[in-house]
Amino acid sequence: MSNAWGGGGGKSGGCPTQQLGTDMGEIILPRRMFLWSMAAIYLAAFVSLYVQIPGLYGNDGLLPARWQLRYSGKSLWELLLSSPSLLWLGPQLGLDTHTAMELLCLVGAALSLAAMLVEALRDSVVFFCLWALYLSMCQVGQVFLYFQWDNLLLEVGFLCVLVAPLTLIRGSRGVREHDRVTFWLLRWLLFRLMFASGVVKLTSRCPTWWGLTALTYHYETQCIPTQLAWYAHQLPVWWQKLSVVGTFVFEIAVPLLVFSPLRRLRLGAFYLQVLLQVLIILTGNYNFFNLLTLALCLSLLDDQHVNFWRRKADKISNNGLWSWFLYLLELTVWSLMIFGSIVCFDLKLDLTKNGISSSTAFTYHQFNQFLKTVTIPAIWIGVLSLTWEMITAMFRCACVSGFLKRFWGTVQWTVFATAAAAMFTISLVPFTYMEYDSNARLWPGVHRAYELVDRYQLVGSYGLFRRMTGVGGRPEVVIEGSNDAVSWTEIEFMYKPGNLSAPPAAVAPHQPRLDWQMWFAALGDQTQSPWFTSLMYRLLQGKQDVIELIQTDVSKYPFHQQPPAYLRAHRYRYWSYPQRWWRRVYDEEFYPTVHLGNTFLESMLSQYGLKDKSPPRRMSNTTVAQAVRWVRSQARGVPTHILIWTLIACSATLCLLQGLQNRNNHPERTPLTHEATVKEYTEHVPKGSADHSGNQICC
């Protein structure tokens, strides 16, 4: 489909400003790309979690999930209200909690895979099911599911319910009058995510962020670095400091452009954010977090730009002086951003070092005043931007021919505009967490509304790397086992640093959650990580499900034939080493030597409530339970990141082949105006069909 520059629907024509790209065109293709991307991200999330369920949440896992479901005689409805999780239905299906979790993950993975392959299944109902399934996991996930990207997946996943069409129930036209209203919520979330991530780095008063030296530590101290992170760590200091400056610009200044009425500024923001996320993906394993951010960036695109990628761009008329005025305005914005960066960070050429010197040229008080000044106006900019989208969508409804269609479109607009306004309103509470005075100025009713829906994790607050850790060396906990308490053998993990000569792994979008928690555990003492006692206890028992969290190939685990009689843990400090990957020095004892029946171990298990005193539960033996166990037997031993990428690659290939086949079946036609396109959808798309645009595109 060739997109008309007129952003409206019906018979509205394109005004000169729309033709020059000062308004957002149709978003049919970006919406479809976004929904396909979300299906792929859900697939990665469910498969990654599924593989780890037995070791994390099984009956013999680190934190059995059944402990989180207390059946107190309440009705099912009361249980769902207190803790919204489909796992409450497990006993009615004859399933224990462990098997029910695996079943929900398998259903989520199957739905995600189907949505990737079949466009009609990228539907509001399907995405609501995916959101409910993942929320059910998070309700019992405890510390292993307390990550910002889990909250972000739930928030973006719920927005998918508003963005996706209802093809399964009533069919869908290619153009819906309210689409831009719901799609706008993704832009607002992208702004909140990036702006808060930049702000918290400075409000934390972390000396490495203020001194622009954070990246001289980050590449070697992040949780699971990649091999490229090792090379990035070797870059000169002036480049690392300049990279920190770029991070602040990308995360604080550039997000403000997502609400720009000038289309090319929004596209500039899109490419800068994509560049930042790609660099992070190359130098760190942050599972699906950066993929989620990239999916949100699609909200800055329109059909015309996607068609430009496909070499099917429309011809845009040049409107003389008006066009030159817009170019001048855009150039002014970029010039001010560059000039502001030079002034705020005192950027100067340093000929002695053949680089660029930089330093923070403002104080904490000045930045705090800036934050106080900009937070409330940013909210009002959001209000105006959302209001504009609502008004234009309302006029699109009014321009639809036919009373019944116009009436039905108005009803839809009312429902989705109300939902968008509600989501925007409650998101103001976590957004203003970064500035106390602004949060206090919010209407009390907004806080009450947020508290009512907080249990469903519809909105969240974000901000990674508030403070840089590992300034004095990367802390790393190393577990050692022995059968005689004399000779000790280190237990190596698959992904986290341990072996000094082993290169860092590349595992995204899989998240090895035990490896991540080992990184957090090393930042404090063992009392701050109660689950670590459970890990030691399960390893002494020789529980295979827990061992597979450490080594998928159990034969590589040094005590696979017989559990160790003794375990202990020490903390080391790691650094990147030019001659090999790592070097380390001993720091201190992290966990004392323990064995089964050891007084210290027993006291810790009792103190943290980690020892199950209830009698062993009978394993479910229903047909569904047997099927779940059969799937587990087939997936056991396969590296998770390879499994995820295989599924995604096969799905993407099938979608590509399907798109090529559709293109061959439907030769190129003369580009249609938006008016003609809407008419074509109305007349020729059958009820219940998928959401098609004029030219087929898989994602």
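Every residue, even glycine, has its Cβ placed from backbone N, Cα and C.
Quick look at what TrEMBL annotates:
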- 33-53: transmembrane segment (TRANSMEM)
- 99-118: transmembrane segment (TRANSMEM)
- 125-146: transmembrane segment (TRANSMEM)
- 146-307: domain 'Lipase maturation factor 1/2 N-terminal' (DOMAIN)
- 152-169: transmembrane segment (TRANSMEM)
- 242-262: transmembrane segment (TRANSMEM)
- 274-301: transmembrane segment (TRANSMEM)
- 321-349: transmembrane segment (TRANSMEM)
- 370-391: transmembrane segment (TRANSMEM)
- 411-433: transmembrane segment (TRANSMEM)
- 458-592: domain 'Lipase maturation factor 1/2 C-terminal' (DOMAIN)
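Within the chain, the transmembrane segment (411-433) has long-range Cβ neighbours (under 8 A, six or more residues past its boundaries) at 159, 162, 176-178, 181-182, 184-185, 188-189, 192, 196, 375, 379, 382-383, 386, 390, 393-394, 397, 439, 442, 446-447, 449-450, 453, 458-462. Most Cβ pairs within less than 8 Å of the transmembrane segment (99-118), among stretches 33-53, 321-349, 370-391, belong to 33-53. Tertiary neighbourhood of the transmembrane segment (321-349): same-chain residues 16-17, 20-22, 212, 242, 245, 248-249, 253-254, 257, 260, 262, 264-265, 268, 356-362, selected by CB-CB distance under 8 Å and a gap of 6+ residues from either end. If you average pLDDT over the domain 'Lipase maturation factor 1/2 N-terminal' (146-307) in this model, you get 92.
Within the chain, the transmembrane segment (33-53) has long-range Cβ neighbours (under 8 A, six or more residues past its boundaries) at 61, 98, 101-102, 105-106, 108-109, 111-113, 115-116, 122, 127, 130, 133-134, 137, 144-145, 153, 156-157, 160, 163-164, 183, 186, 287-288, 291-292, 294-295, 298-299, 301, 306, 509-514, 549, 635, 640, 643-644, 647-648, 651-652, 655, 697-699.
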